[in-house]
Amino acid sequence: MFIDDTIAAIATAPGEGGIGIIRISGSNSLKVAEEIFKAVSGKKISEYNSRTLVYGNIFDGEKRIDEVLVAYMEGPRSYTGEDVIEINCHGGFISVKKILELILTKDVRLAEAGEFTKRAFLNGRIDLSQAEAVIDVIKSKTDKAQEVAQNQLEGSLANKIKSLRLKVTEVLAQLEVSIDFSDEDVEDVTYKEIEEKSLELREEIKKLYDSAESGKILRDGLKTVIIGKPNVGKSSLLNSILGENRAIVTEIAGTTRDVIEEFVNIKGIPLKIVDTAGIRETEDIVEKIGVQKSKESIDSADLVIIVLDSSKPLTDEDLEILESAKSKKTIVLLNKIDLDQAIDETAIEEFVGKDNIIKISALKNEGIEQIHDKIESMVFAGDVKSSSNLVITNSRHKDALFKAYNSINDAIDGIEQRLPYDFIEVDFKNIWDYLGYINGDTVQEDLLDTIFSNFCIGK
Ligand code: GDP
Ligand code: ZN
């Protein structure tokens, strides 16, 4: 695709701030900037080295609009891979808006959402997985999630996909040669070699695919419900968890004003605690909305934390709560271990297993670290390591990997049955295509539009 127009947009968030940045990208960038900008030095922007900040003023004809710093980043070494101008002006609504309007009277149009990043992709500066990481970096809720997104932006997934596709190419090449020179002795060797490579490939694809569960949680948060009878210590627990962990509160756009999401950072995992407000005001879920409703909140949760008072015997209500969480990932907290114990642990083990029971004292802040460890090991289960920064966080990538995985299974079946080479070749061509969805090599134009429309304007 050939891009020849020049685009501009405000790159900073709207509102009052120290500075506002207007970004221009495309072949007219420098020309437009020279027209509206006068450096205090009297020199032209083009007389400075690329990527130098030049101090001066923006003029609309004779009228001075704002005092600014301008940087020219000559393509291809720029964000979009094209010639880019960035104008740093005073923050707030008026300066940026006036300068952008002035620019748009020239041969420049307003950029669409995500168009700068889309151009970086179309110009081959980054692959699609890197472009998609840009939005993840912006939206990441914990340091760990940001690290994973940052790594993807730097190309960790891009490189992995590249190396997997290289292996596919090698098999395809081998199949091509074998189709031309078939001979029974060679044939058997070929099948064995391809099979070996296929098994390795399957293993690698599976490992990536398996990381998607943790990845989704890192990206969207682990929807958690804290449940238990009144007075067992839910509010106290929440306070001790919140006490040491920065909570991030985001308002959900387009919903009623009272709806907020609260994230607690547990070892880099964003825990999205449902109905926090209710718990904090000691209007407990069970108390306030009854057992039926609390069952509903269990249904929509990824993780259920059941709090029990270990200084008291189990009641029917406790058992009912344990029963209703049976199909969910559950942690049972036996709170108040600082008091004399009266609870029947074996009865609880029957519901959740010994490993998922943790003894704590919310009051004395004991056992809280174990809760964190438990959550971490639940999220990063199996082969997925919490230290790994190559985690699939995007459902589109996950779908593509699933398709590639099915195709590699088909290929392996075919090899085992000693099907003709061209049958197996079809499967490998599919794997090549599916992996190409991830880096954008084989992706459709309309899908690109959908992906980039999720970005903000100016990115
Ligand atoms: P909730 O109704 O489940 O939210 O329970 P609260 O957190 O409001 O606690 C109820 C009562 O139990 C309060 O008086 C707390 O101080 C007390 N409590 C909470 N955790 C502990 C604990 O670990 N040990 C003791 N001894 N008391 C606790
Ligand atoms: Zn409470």
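Glycine is no exception: its Cβ is also placed from the backbone N, Cα and C atoms.
No curator has checked TrEMBL annotations; they are predicted automatically.
TrEMBL has this to say about the protein:
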BINDING   R23, E86, R125, K459  (6S)-5-formyl-5,6,7,8-tetrahydrofolate binding site
BINDING   231-236, 250-256, 275-278  GTP binding site
BINDING   N231, T250, I252, T255  K(+) binding site
BINDING   S235, T256  Mg(2+) binding site
DOMAIN    221-380  domain 'TrmE-type G'
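All features noted in TrEMBL, drawn onto the structure.
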| residue | record | Cβ within 10 Å |
| --- | --- | --- |
| R23 | (6S)-5-formyl-5,6,7,8-tetrahydrofolate binding site | 24 |
| E86 | (6S)-5-formyl-5,6,7,8-tetrahydrofolate binding site | 22 |
| R125 | (6S)-5-formyl-5,6,7,8-tetrahydrofolate binding site | 19 |
| N231 | GTP binding site | 14 |
| K234 | GTP binding site | 27 |
| S235 | Mg(2+) binding site | 21 |
| K459 | (6S)-5-formyl-5,6,7,8-tetrahydrofolate binding site | 19 |
Between S235 (Mg(2+) binding site) and K459 ((6S)-5-formyl-5,6,7,8-tetrahydrofolate binding site): CA-CA distance (Å): 41
Assigned element (helix, strand, coil) containing K459 ((6S)-5-formyl-5,6,7,8-tetrahydrofolate binding site), judged by DSSP: coil
Collapsed DSSP category at R125 ((6S)-5-formyl-5,6,7,8-tetrahydrofolate binding site): coil
Binding-site residues near ligand 1 among R23, E86, R125, K459 (Cβ under 6 Å): none
Residues R23, E86, R125, K459 binding (6S)-5-formyl-5,6,7,8-tetrahydrofolate per the record - widest CA separation, whole Å: 19
Residues among the binding-site residues R23, E86, R125, N231, K234, S235 that border ligand 2 - Cβ under 6 angstroms, in sequence order: K234, S235
Alpha-carbon spacing, K234 (GTP binding site) to R23 ((6S)-5-formyl-5,6,7,8-tetrahydrofolate binding site), which is rounded to whole Å: 49
S235 (Mg(2+) binding site) in three-state DSSP notation: helix
Cα separation, R23 ((6S)-5-formyl-5,6,7,8-tetrahydrofolate binding site) to N231 (GTP binding site) (Å, whole number): 56
Overall pLDDT for the domain 'TrmE-type G' (221-380), taken as the rounded mean: 80
Cα distance (Å, whole number) from S235 (Mg(2+) binding site) to R125 ((6S)-5-formyl-5,6,7,8-tetrahydrofolate binding site): 50
C-alpha spacing of S235 (Mg(2+) binding site) relative to E86 ((6S)-5-formyl-5,6,7,8-tetrahydrofolate binding site), in angstrom: 49
Alpha-carbon distance [S235 (Mg(2+) binding site); R23 ((6S)-5-formyl-5,6,7,8-tetrahydrofolate binding site)] in Å: 47
